[in-house]
Amino acid sequence: MSSLTTTLASLPATLAEGIAQVGGIGMSSSSLLICVIMGAIIAFILAFAIGANDTANSFGTSVGSKVVTLYQAYMLASFFETLGAVLIGHKVTDTMRKGVIDIDQYENKTAELLYGQISILSGCGAWMLLATFFKLPVSTTHSIVGATIGFSLVVSGTNGIHWHKILRIFASWIVSPLLSGIVSICFFVLVDHLVLRKSNPLRSGLLVLPALYFVAVSFNVFAIVYEGSEFLHFNSLPLWTVLLVSLVLGLLVAMIVALFVTPYLRKKIIAESAVESAPSTANSVELGSVAQSKAALLEYEHKQTKLSVSNGSNGHHAPNAVAPTHSSPKASFFRSHKPEDPQAAKLFSFLQVMTACFGGFAHGGNDVSNAIAPLVSLWAIYHEGTSKQEMHTPWYLLFYGAFGMCVGLWLLGHRVIYTVGENLTKITPPSGFAIEFGAAVTVLIASKMGLPISSTQCKVGSVVAVGLAQASHSVRWHTFRNICLSWIVTLPVAGLLSAVVMMMFRYFAL
């Protein structure tokens, strides 16, 4: 933090030496290049902070459910985050750099816009690093929008701020966790009724598994291809072609799962269960999540047996019988009281990882804009010589932002991964699949709409919703409270830091 503070403090004097006081757009290319280089350095710091904080959300639930290890999550996240950033990141980047403030009012104030972009990067980067230090999963979308408003208020007051678009962004922050939670809980309830509540969950899961792969693959392929990458010419494909390709690929994957994956999983799970129930290990102390799930399931079945025995023809309970739970039909439909079967839960492990990969792809497409949008504005000013911001987002700047995110993930990502993956609620492969898919659906749709939602809120909304629907009904509300408080303070703090940096620029350089 001290090095970052020193860098930020020295920026005004450094830039003042390289930029002539021209007041308009007559800045030399060498002076503009100095600003672009300084902005690129700070943008990398911001991308690093986003990787350490927000990128960790993509695979936090997979690590929490013990489906992948921490380093496996790092490798998968690095690949899919970068792929998503390069292929679909341009859409949200354009919204972030053009949609929050009126660029036209800076047509003759190129220097102020240029300094403003550096102020945005500085304020947001400083706050993200501080939040990561305290293990707070804050929203980088909140940070960048707040920082943009902070610099604009210093330069132009309330003039030029697109308040209606900001209100739309505010609405998306409220809608995104609710929508993500609703989608996730719907999928979890569907899996719960079709698989987990059945008398033979393993058999039911093997029958349902191809259909789940069909839905997951078809949707994610459609979301990626429809109005997709310009570089791969996906944007020129008509709707019927995208639908056909998505359904065919989904059907192909479902057939492969039904013909090859399902028989393999049946043999593997049954063989593992035979080893676990061998006489040499039957009386040993069972540790780990699988053993705990077995114990909970056996206890539940024992209680159900006692209830059925105690309920005689007279309808009275035996003295030592366990009383049935008095839940309303609606509550019982959404909230299961039966613990998950560990054999059936194993069916969802790869499905959760696949969905997490799609979620990482969506996160890279959405959140790379937070680090790169101000840098793209700086590059557009340098490349075009004006502040009109007419150029498209270059792919190499998207890749640069994705690289910074990956470095931050590998070095500091573990600090936030455990907050999302373990400290909110207990996550298992079935619930993890529902969480990942609900969040991925919400983020991918928002990316296609050019709406800069918070992927952090999507993931947290899904985790809380599914946590309430699980048999344990356990959500650690104190952790959720701290996360919500961090969301509230993020926008004003980032705006204040950006405004302070911009005021320093006005005092020293403008």
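Counting starts with 1 at the first residue shown.
Backbone N, Cα and C atoms are what each Cβ position is placed from, and that goes for glycine too.
What TrEMBL records for 30-52 (among others) is transmembrane segment.
Taken from TrEMBL, the feature transmembrane segment covers 73-93 (among others).
Taken from TrEMBL, the feature transmembrane segment covers 113-132 (among others).
Sequence annotations record features per position, and here TrEMBL assigns transmembrane segment to 170-194 (among others). Residues 139, 141-142, 204, 208, 212, 333-334, 336, 348, 430-431, 433-435, 437-439, 441-443, 446, 451-454, 457-462, 464-466, 468-470, 487 of the same chain lie 6+ residues outside the transmembrane segment (170-194) yet bring a C-beta within less than 8 angstroms of a C-beta in it.
Residues 87-88, 191, 194-195, 234, 237, 239, 242-243, 245-247, 249-251, 253-255, 257-258, 261-262, 265-266, 347, 351, 354-355, 358, 361-362, 433, 437, 440-441, 444-445, 448 of the same chain, all 6+ positions outside the transmembrane segment (206-226), place their C-beta atoms under 8 angstroms from a C-beta of that stretch. The transmembrane segment feature in TrEMBL is assigned to 206-226 (among others).
Annotation source TrEMBL lists transmembrane segment at 238-261 (among others). Long-range contacts of the transmembrane segment (238-261) within its own chain (CB-CB distance under 8 A, at least 6 residues past either end) are made by residues 209-211, 213-219, 221-222, 225-226.
Residues or ranges marked as transmembrane segment in TrEMBL: 395-413 (among others).
Feature annotation from TrEMBL assigns transmembrane segment to 433-451 (among others).
The annotation transmembrane segment is assigned in TrEMBL to 484-509 (among others). Within the chain, the transmembrane segment (484-509) has long-range Cβ neighbours (under 8 A, six or more residues past its boundaries) at 8, 11-13, 15-16, 19, 115-116, 118-120, 122-124, 126-127, 131, 136-139, 142-151, 153-155, 173, 454, 456-457.
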Sequence-distant contacts of the transmembrane segment (395-413), meaning Cβ under 8 Å and at least 6 residues beyond its ends, amount to 40, 43-53, 55-56, 74, 77-78, 81-82, 85-86, 89-90, 93, 132, 231, 364, 367-368, 371-372, 375-376, 379
